[in-house]
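Enquirer: Please read through the structure below; I'll follow up with questions.
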Amino acid sequence: MDKGKKVETVEKQENSLPWVEKYRPTTLDEVAGHEGVITTIKKFVEEGKLPHLLFHGPPGTGKTTTIIAVARQIYGKNYRNMILELNASDERGIDVVRDQIKTFASTRQIFSSGFKLVILDEADAMTNAAQNALRRIIEKYSAHTRFCILANYTHKLNPALLSRCTRFRFSPLKEDAIKHRLAHVIEQESVDLSPEAFQSLLHLSSGDMRRALNVLQACYASVDAGEQISEELVYDCVGSPRPADIRTVLQAVLDGSWESALHTFSYIKQSKGLALADMLTAFAVEFQKLDLQNKTRIALLDGLSEIEWRLSSGGNESIQTSATIGVIKQSMELEASS
């Protein structure tokens, strides 16, 4: 292949990549946040004493990125041949453990020294039988294979499996860490983002870097060249209610009649394409900002959680919309009577 064409092909592939992959850190120094965790893992790698690892925490907090950076540091360019990466939520049965993992763990790489690495993502989705089989394989092949288990929830993992790993908690990323990374991507991709949209993106990411980058890319793809990304577009891409819309609904519920409140509520819900479940969460956030008595706050949250439960159980959304108005009006009457 002509050298010029090859360079052009590589650039084209990079441009077509999701930004989550395109800007994924390749070294431990580039990983955002979790300074304490990264420092400890660096020490393990430098001393050549990497134990079996368990990274747990919410999605988008850097679990996969960190272990891939570890693999790159240990194996260099050869890292793809020395790791087995599986998503346990897709392949969660005992056959995967018996076949793929056991086969990989039991064979040595020719011309390669040191241990191999098995990365098991979303391991909390594995069946109990598969987890028990994995525990036995970890015991048997520890001499030349290391295991890194990634999970959102540790309570779904076998205690015997947990005891064989060194655990690290990946908390939701702090706003500053996400802000720094987003600013880098915005500069590299020449994204025109309003200050209000940037703040909304930080707020809606809720400590999830993956979500922040995916929403940013979706917004960028939605606008014409040179057009600025607005705060409203960010909320539309996420599918979350805008705070201004939530305040409008609350004002209508508190000030108007039942009919006008229901009309305003239904209009905003339908015109913005919002789900009532998302609006309930937004109401709860908005009520946290108000100076309410404890008993009022309890009544509100108790009522909203009851409606959320009914929705998840298949309740009619129109009826639950009316019920939401009732909960808010009743709670505010309780506040006024005290």
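Heads up, the Cβ atoms here are built off N, Cα and C, so glycines get one too.
OK, Swiss-Prot features for this one:
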type	residues	note
BINDING	GLY57, PRO58, PRO59, GLY60, THR61, GLY62, LYS63, THR64	ATP binding site
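Burial and contacts for the listed features, if you can.
Expert: In the three-state DSSP scheme, GLY57 (ATP binding site) falls into the coil class. Long-range Cβ neighbours of GLY57 (ATP binding site) (same chain, at least 6 residues apart, Cβ-Cβ under 8 Å): LYS63, ASN152, ARG169, PHE170, SER171, PRO172.
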Enquirer: Counting every protein chain present, what is the number of Cβ atoms, excluding its own, within 10 Å of the Cβ of LYS63 (ATP binding site)?
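Expert: Taking every protein chain into account, the count is 27.
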Enquirer: Is it possible to get the count of other C-beta atoms within 10 angstroms of the C-beta of PRO58 (ATP binding site)?
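Expert: Counting Cβ neighbours of PRO58 (ATP binding site) within 10 Å gives 15.
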Enquirer: Let me make sure I understand the structure: which of the binding-site residues listed (PRO59, GLY60, GLY62) has the fewest other Cβ atoms within 10 A of its Cβ?
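Expert: Comparing Cβ neighbour counts within 10 Å for the binding-site residues PRO59, GLY60, GLY62 gives PRO59.
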Enquirer: When you average the Cβ positions of GLY57, PRO58, PRO59, GLY60, THR61, GLY62, LYS63, THR64 for the ATP site, which other residues in that chain have a Cβ within 8 Å of that mean position?
Expert: PHE55, ASN152, PHE170, ASP208, MET209, ARG210
Enquirer: So if I draw a 10 Å sphere around the Cβ of THR61 (ATP binding site), how many other Cβ atoms end up inside it?
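Expert: For THR61 (ATP binding site), the 10 Å Cβ neighbour count is 25.
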Enquirer: Give me the long-range Cβ neighbours of THR64 (ATP binding site): same chain, 6+ apart, Cβ under 8 Å, in sequence order.
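Expert: Once residues fewer than 6 apart are set aside, THR64 (ATP binding site) is near ILE119, ASP121, LEU150.
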